[in-house]
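The structure appears right after this line, and notes come after that.
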Amino acid sequence: MNSLQAKPNGIHPKPPATARKRPAHATGVIQSDSIKDVADSLGVGGLQEAIASALASDVEYRINQVIEEAVRYMKHAKRTVLTTADIDLALRNLNIEPLYGHSPSVPLSFRRFQPNHSEAKSFVYAVEDEEVDLERVVRERRVKVPREVGVKPHWLAVEGVQPLIPENPPPPPTSHTQTDRPSSPSSPPSSLPSSLPLPLQLYHTRLLSALLSPDDARRAAALASLAADAGLQLLVPNLVNWVGERVTRELARAEEGDPAVLQVALGMIGSMAKNENIFLEPYLHQILPPLLSLLLVHPHPAPSLRPVAASTLHQLITLYSPKYTTLASRLLKTLLRALLEPERALPTRAGAVRGLAALGVEGVRRGLVESRGAESLGRECEAFEEAGKGGDGGEEEQEQVAEAVRAVREALRLLAPGAPAPGGAEESALDQAGEKRLQEVFGTYFGRMISQDLDRVWARGVLQAVGRGEGKDVDVDVDVDVDVVMS
Amino acid sequence: MLDPAARYDGFRELEAWVDGSLDIYRPEFTPLLFPVFVHFYLDLIQLGLKDSAVIFYAAYSPRLLPTQTATLHHLSTLLLPVHLTSDETALRFRKESYRLRMSKSGFALFVGWLTDGMGGTGGGVGDSFGGEKGRRGRDAVLRVINAHLKIDVAATTSALQSQGNLEETTGLVSSLVSLTIPGTSSKSIKPADPQSFNAAQSPLKLGKPPLDLALREEVDRAIKEIMEDASAMDLDRPKEKPQDAELPTVAPEDMPPLPPSFREVDVRREVAKVSDERKRIRLDPTLLQSSANADVAPGRKKVVALPSICMYTLHDVPDGNVPCATFSQDSSLLATGFEQSYIRLWNLKGEKIRGLRSDFDLTNVREARDLRRIRDKAGSITRKLIGHSGPVYSVSFDPLAGSSGPPHWLLSSSADATIRLWSLDLLANVVVYRGHESPVWDVQWGPLGTYFASGSRDRTARLWCTERLAPLRVFAGHLNDVDIVRFHPNSLYLATGSSDWTARLWDIQRGACVRVFVGHQGGISAMAFSPDGRYLATGSDDLSINLWDLHSGRRIKKMTGHNAAIHSLTFSAESNVLLSGGADWTVRCWDVKSAGGNATSLGEDVTEKTETSDLLATLPTKRTPVVNVQFTPRNMVLATGPIQPTAAPPAWPSFLS
């Protein structure tokens, strides 16, 4: 071999040893530290590094032997996960006593310890033994009998073709079903499941394109179709999703949002609620969030839509609160929070008032009277007006205040729905006490407003309603939700 | 040579040289890296340089890991010299020569490089380096090659070698055959490679088993009777036209001893065979290509391209896995073995499984009617068989009744190292066969009954006769577990698949190995003989299915497409369609007769496509690994597997999550 002569050829590269410097003891999974820990625990102190390192290497080799043996058992059991049972069988086959007490069905939990002698960041893991009180086990734990193994046949393939039955997995989506659907930019092309019958898919695309068209007549026709046609139930999840997505998207754009889309969305909710052939109840939890957002969000693309949203909400409540008893109280809770939490904007509060009005008399009483919503709202309005008088009062603020006042006024109308008898009882203005009482309940701002209102009958009616409410107030057990809000 | 640096340099230079070689030579040089790497690593361990060995492994193993994961990982756990003396893989590498094939010109280049560091690469290509260091490194390589490698220099100068050829000829193949030539004269001392071993063996008798003359007359008579009963059905024996492809029938004197006289069940089985053949759905995958003449041959049986598959899904299985399952040939019974040591029988016809009562008086039983009277009154369509004391890895129904009636016997093998024979009349364990020392992975009835074979962790396969408690033959030669055993349809040969990556064919009479099938890159997990007796299909842990020609022992083709373990293989009755079931929750259909290979149409990404062109269909199940797939004699397919619970993934130990 010495006769072989090497010619100098090129540069000398660095040997890899310097390129990848590893700590001398890092020779595998089992480190010599672990061996030392184990030795310590067995009462063998002061193990030399060389011995520990050699032992670590050997332990690693032996453990690997056991694992390779166990993998055979795993493979023949046609599994892909190694279990403790495999290890047991492997140990048995290697003439080692198996580790008793581990079951594949009970996952191990480990505890982490930091041994005293070692530096930071080195931990020892130990299996945690659960302490079981035998008496309690005997008394309480009922062993659940597992279900018997069963066998059920089905056709996986008929002459090489998989039948479309629930037992078989759905066929992989073929590319052409997606391409032959017209992909109009306004409709989400991929949201429809391909399992829908083709006519419905067509209807869906047509409907959405009509709803989004600038043509009022087409839009109205589409909404009317949605409100009356039968057989649309399969589309409901998609439509509800669509509404949710669209509303979120438009509202996120604040003032730039497209009011037309929002209006259409509201219209769709209304139409679907109207349609007797559509079973909307399961989707309420999906519909209500966008609706409430439309009502409450402050930088609103179209504040004029708030009343519409409120009326749609009213529609839903009258339809579903009899069947779904917690609906009203849940809504009340949300609305009260919007009305009373300090950092909300004025338009949000106004929206909340409208929402409370949509809940009915009870909503108004709870919100404006009992939780003193009117009083705080009044204070805020007053503050705004003061600021307005101060000089820099923008038109916008004025408009917001006016909207709030309008909302409260409409809400309070619900308290005294009685139509004024023409000229019947106009003679008597409210007396001092009445006025005081109103101001007490609604705060100075709205109290004064009501008492100074031209419509005396209404004012009196409100006063009476308040009086009644006050009388009852003592023994009305206040809803827990409301309680939380007030405190 | 205590300096680890020489080995680093040597390997680094070899790698650079292989990478810098011309494209046409690179495929034959690349296999050099693995054995040289292994021996360098083992050298370092042997010298006690554990740390250097670890550094060497970390630096150079990533390139080899994709192809040699299991071996390399195993070697990486060897860290002390003492391990080398006991570890089998290491010992094999040390004691046997690793064979490589090179062309004449390639070998010349290699020798050139070894001597002066220049061969093969254009001047200055790669960053090979010279000087003292380079020479020492090449010396180290040369030493390994001299001591442990055997390079076969092909006579041809052309460098081209297919990947398949490489798989069959490269590796520690010599020991696979040198051990198995029993008592041959001086020439067997020189270790032969599998090809020459296979070529040296005598030709195989692969034809159909002979039919006893008396039995044949009886069968003909029975068929005539049926014909008279239902004259509309022309159930006569199909014209025996000896096709030119038909293999000659085995001479009766070559057959293993069988019961001298036939019984009624034999007649019934043979009649059922004939009627199955007439009623069989003919499969013809070529119809897929030419759909135009799909309905040819009026009046003939219906011809379809692909089979119909009935899937029996097992649900509520404890832990969601079933080690084995099998259907009886008449499709009336399903047996599954569980890890919880029991076997469960199902009657698929919905009839009750009723055993015989144990408290009857034998003298009262005179005819069949009496037997019916002593059957258990109660029964259900499913029944547990309890007896094993470890996971049950294999079950097999006796083939005596064929498709004419339900089987009477069941064999099972288990981790408790026993094989048990169960009577399906008594629903009880009748015989326990002990002999294997380790878990018995597989047991299989011979095609004619009477005999059965088993394969075990103790590296042997054994042939048994139901009447004797001790094995008749022990087939030793595999270097690792015998994972699966299958009988040739004429019961003259037994095929075994092993974790040593090979399959073997044994002569049952002589107990000698007659063929070695080398080429898989993982243990064998499934096997099937084609009913015409010519081919053997093997499924392996390397996720491929190989089709072998029994006569030559050569690989016909390699079929890939599965992406998890292959559990079961089965041929159609015409041997033209192969079905496989696997842990990837699919059943796949393969065309046996087509050429296969990686056909790539234009614009397709070659790297992502692992499926060979002979994959006819992939039929996914819903979360059900297919444990068993089986053609019935009439070319229907039955498959079974446990559906996996859709539960959360296994809970990791807390510190891993």
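Every residue, even glycine, has its Cβ placed from backbone N, Cα and C.
As given in TrEMBL:
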DOMAIN    B:4-116  domain 'TFIID subunit TAF5 NTD2'
REGION    B:185-204  region 'Disordered'
REGION    B:229-261  region 'Disordered'
COMPBIAS  B:234-244  compositional bias 'Basic and acidic residues'
REPEAT    B:385-425  repeat 'WD'
REPEAT    B:433-464  repeat 'WD'
REPEAT    B:475-516  repeat 'WD'
REPEAT    B:517-558  repeat 'WD'
REPEAT    B:559-600  repeat 'WD'
Grab the same-chain neighbours of the repeat 'WD' (B:517-558) for me: Cβ-Cβ under 8 Å, and only residues 6 or more beyond its ends, written as numbers and ranges.
67, 70, 164, 167-168, 171, 173, 176, 194-195, 198-199, 201, 203-204, 206-208, 245, 247, 480-481, 483-484, 486-490, 493, 495, 497-505, 564-575, 578, 580, 582, 590, 592, 595-597, 612, 614
Within the repeat 'WD' (B:475-516) only, compute the mean pLDDT.
92
Which sequence-distant residues neighbour the repeat 'WD' (B:475-516)? Criterion: at least 6 residues beyond either end, Cβ under 8 Å.
88, 92, 175-177, 179-180, 182, 194, 197-198, 201-202, 204-209, 250, 254-256, 441-448, 451, 453-457, 459-463, 522-529, 531-533, 536, 538, 540, 548, 550, 553
Please list, for the repeat 'WD' (B:475-516), how many residues fall into helix, strand and coil according to DSSP.
0 helix, 24 strand, 18 coil
